[in-house]
Amino acid sequence: MSEYILDVTDVDKNFGGLRALSDINLRVKEGTVHAIIGPNGAGKSTLLNVIVGRLAPNRGRVLLGDQVLTGKEPHEINQLGVARVFQTPEIFPELSLLQNVMVPAFAKREGIFKMNFIKSLFSEKEVREHAEHLLDDVGLISQKDNIAGSMSRGDKRRLELAMCLGQQPKLFLLDEPTAGMARHDTNRTIDLLKRIKERGMTKVIIEHDMHVVFSLADRISVLAQGAIICEGTPEEVRNDPRVKEAYLGGESE
Amino acid sequence: MTNTKIVSPKQDLIFMAILSVVVLTMPIWLQPFGAAYPDLMQKFMIFGIFAIGYNILFGLTGYLSFGHAAFLGVGSYTAVWSFKLLSMNVIPALIFGTALSGLFALAIGFVSLRRSGIYFSILTLAFAQMSYNLAYSVLTPITNGETGLQLTQGDARVLDRMAGIEADASLPTPNLFGIEGIGYSGFYICAALLLISFFIYLRIFRSPFGLKLRAIKSNQNRMGYTGFSTRPYLMTAFVISGMYAGLAGSLLAVTDPLAGAERMQWTASGEVVLITILGGVGTLIGPLLGAGIIKYFENIFSAFNETVLLNAFSFLPDWLAHPVAAVVGLFVGEGWHLTLGLVFMLIVIFLPGGIMEGISRLARLITNRNKAEPKSGAHENKEKEQASAGEV
């Protein structure tokens, strides 16, 4: 077992003639928070899509611990322990909050497919209590019987966090978890994410909000035009001239 | 809203008990409506089974199949063959009819479920039409083509002969160990099967399996990133609903041992879609209500003919009675589908959730009015009743 939980090696992704990712190498240590930042269109979401199996890379490979993720279906990758929150929350809008959290919890217990008309009626109570606990964690317990689709965007995002946390993933990918949240909600989410960090869950986080990045991340990678231009601790990245250039549009020229 | 609250098993049992009483006392309370004769009540039961099975697929997963009549037809043909070859007892007929439809659904589902949305609907429609045409022409040795498959004196009936039951001069009727499949006893056989089917359907609705199906309907994309493979779940739902249709088809053969290809035509597939939407897609008892209402009005309206209409309008002056009867005549008798179409349009436009949505809207209206009034004990009770009515 390598010391890295996530190991992305030489990944290229092209869309037609457009090179969205080139030569991406990314290693994330177990139990750390790794932030990926970069201007719009830098390829941050594409990279996450490659990791979770939504997109197949043209070259390179992705490892989770010792297991190869490249070429697997999204549900298989999830079962290996990768959970993701999306930039626009992907929840079950017609179901209640409680049901939303129960579904992934069942997936964690049962695997890819299981017929259960009777047996898991017994485990259902356990799953429900677990789900209630998770909703309590993200501060949504008072609304547990409401329909998820009617919530505000910030609440949907927190619900999605609870859904992923219920699976206790080895690797948790967050695509702008605080976008569209009010300051107060953002701080609550940061607190929540810090608490998970204590539990030793590895996270890769894409974020625009530098307040969030610098209060959470152990390491930061900066992505620009499909390539990683700089990687290091928050202090190193903050002072790196290449980063300023990428963000401010080539002032030094 | 429906289906999001957690219902205790005890409430479900009470609900089943109430439903059983309602169904089993049908011969009594349907009398004032003029619908308490066995033929029609059997139809209520059979199409009820067909519709709840269809609702497992359409209501829970959102996959709109336009080919479920194929399974109904397979069930009917299999049941008649079981009568011909094995025994007039309904048990083998029902078992084989249901099982074979299940296999048939497995094959069709395997191909159709590779696509979703409109493409899935078209694929199922194509398969059903293929089955219909095959039954009508190429498969004539099995289906007896245009004439339809029927019993004859010379049928083998191996099991019956072995048990020493010989048919007399008249054609034998399907029976359950001597209890006839027609008339009131036939109704009770159908009613018992409806209640059993409904209980299983209720369990599916409440089980984690049902929750996962609803999650697929709600957001299939998220389902994948949640670690579930959606195909096997959809497949299971498709096969189960195919088996319900097969059971309904075999029951049609029990009440009238004759199977024709028209049972597989697309209009028959369309009818179950209509029944489900009219009652309320995805609601627990909506499809049962839809089946009852459509079959009842089909029966009433198609019985009208010109003489009946002229009698009804005889209070009008002669020169008016004839044109009025002619216009109304378009909507009854053979033309009853015109009425059905109009009702369907009204429902889809004004009550997309079907009759069940109408009922819960009414319930909400009344509860809100009650809340505005000063509260009394009686009112609170009423509210509880309506709240529970809204849940089912």
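Each residue, glycine too, has its Cβ placed from N, Cα and C.
TrEMBL labels come from automatic prediction, so no person has curated them.
Taken verbatim from TrEMBL:
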TRANSMEM  B:13-32  transmembrane segment
TRANSMEM  B:44-66  transmembrane segment
TRANSMEM  B:86-111  transmembrane segment
TRANSMEM  B:118-139  transmembrane segment
TRANSMEM  B:182-204  transmembrane segment
TRANSMEM  B:232-252  transmembrane segment
TRANSMEM  B:272-297  transmembrane segment
TRANSMEM  B:309-332  transmembrane segment
TRANSMEM  B:338-359  transmembrane segment
REGION    B:372-392  region 'Disordered'
COMPBIAS  B:372-386  compositional bias 'Basic and acidic residues'
Within the same chain, where does the transmembrane segment (B:232-252) have neighbours whose Cβ lies under 8 angstroms from its own Cβ atoms, ignoring anything closer than 6 residues to its ends? I mean 6 or more beyond. 42, 45-47, 49-50, 52-58, 60-61, 63, 65, 68-69, 71-79, 90, 93-94, 96-102, 104-106, 108-110, 112-113, 190, 193, 197, 201, 204, 209, 212-213, 216, 259, 263, 272
Is it the case that the transmembrane segment (B:13-32) and the transmembrane segment (B:182-204) touch, counting contact as three or more CB pairs under 8 Å in which the residues of each pair are 6 or more positions apart? yes
Contact call for the transmembrane segment (B:309-332) and the transmembrane segment (B:272-297): at least 3 Cβ pairs under 8 Å, seq gap 6+: no
Between the transmembrane segment (B:182-204) and the stretches B:44-66, B:86-111, B:118-139, B:272-297, the largest tally of CB pairs under 8 Å belongs to B:44-66
What residues in the same chain, six or more past the boundaries of the transmembrane segment (B:86-111), come closer than 8 Å to it by Cβ-Cβ distance? 67, 70-71, 74-76, 78-80, 123-124, 127, 157-160, 163, 165, 172-177, 181, 189, 193, 234-235, 238-239, 241-243, 245-247, 249-251, 253-254
Which residues of the chain, 6 or more past the ends of the transmembrane segment (B:272-297), have a CB below 8 A from one of its CBs? 2-3, 19, 33, 35, 40, 43-44, 47-48, 50-52, 54-55, 58-60, 64, 66, 68-69, 198, 202, 205, 214, 217, 245, 336, 339-340, 343-344, 347-348, 353-357, 392
